[in-house]
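**Student:** Below is the structure I would like to discuss, written out as structure tokens.
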């Protein structure tokens, strides 16, 4: 039975030394599918926003920022994992510390900016729906929006070098003491608490939107903003008020459920490993896979109910 320290250098998140060749091939194919679908969907969203003026809104600027970050995972990191999973564990390509650091940096940078973009989109929509139009216009000027996007990348560039043990595995001969090393355990705890805090803020924003929409459908319908079409519920043609409130709530809650499914397993696996005992390696791998798969799903989450994106 594999133990918690038997992570493979070829794929620190999913593959174990003891995995059979069939398992490694299956996981490599899974990475390849996520890489192709995620790259195409993220590139398509970026292309549409830059090609159609109606889509060039503040909310979509944050979505494009998240898509650019997700490309770091889907187009740059996942293809490498798909190829490396097919190589033997003792391959010389897997022993380079610099190469492992590069792969870890791509993963950490993409996931950090992507999670920050989720929060920026949620807060943008929360201010749009629950605050006065003058407050929204003052807060989301072009300069302020650019600063928010720049801060998300600056935060990621600061955190990735400070937390290298979280994103990079050990060598093939010396598996990383991910769960036994004190520094790595505290790094995992910091990641769990950061994602948990980000999730709490995101849920506060979206549940606040649900309460406002359910309480006053008329308030939403009279807002004359292009951003209204970027909400996770259809804006045109408007259904009857009761149906609109029900559809709005279901759509927002569905988005939140998908996000929770992708992020929370890793949070609780990390907390379990810090306070009690390390989770089984397969469970750790599955939690990381769910988090990384969000990079391929994010474009669909934010555009599937948008009339403007469908027309484009």
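Counting begins at 1 with the first residue displayed.
Every residue gets a Cβ built from N, Cα and C, even glycine.
Where the annotation comes from TrEMBL, it is an automatic prediction and has not been curated.
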**Student:** Pick from 213-235, 282-304: which stretch is listed in TrEMBL under transmembrane segment?
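**Tutor:** Transmembrane segment, as annotated by TrEMBL, spans 282-304.
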**Student:** I'm validating the feature mapping. Which of 5-23, 62-80 is tagged transmembrane segment in TrEMBL?
**Tutor:** 62-80
**Student:** Who are the chain neighbours of the transmembrane segment (250-276) in space, where the CB to CB distance is under 8 Å and they lie at least 6 residues beyond its ends?
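**Tutor:** Distant contacts of the transmembrane segment (250-276): 4, 115, 118, 179, 185-186, 188-189, 191-192, 195-196, 199, 202-203, 206-207, 209-210, 232-233, 283-284, 286-288, 290-291, 293-294, 297, 301, 305.
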**Student:** Need one number: mean pLDDT over the domain 'G-protein coupled receptors family 1 profile' (41-302).
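**Tutor:** The answer is 77, the mean pLDDT of the model over that range.
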**Student:** Under a Cβ pair cut-off of under 8 Å, which of the recorded stretches 25-50, 62-80, 187-209, 282-304 contacts the transmembrane segment (100-123) most often?
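**Tutor:** Answer is 62-80, with the largest number of Cβ pairs below 8 Å.
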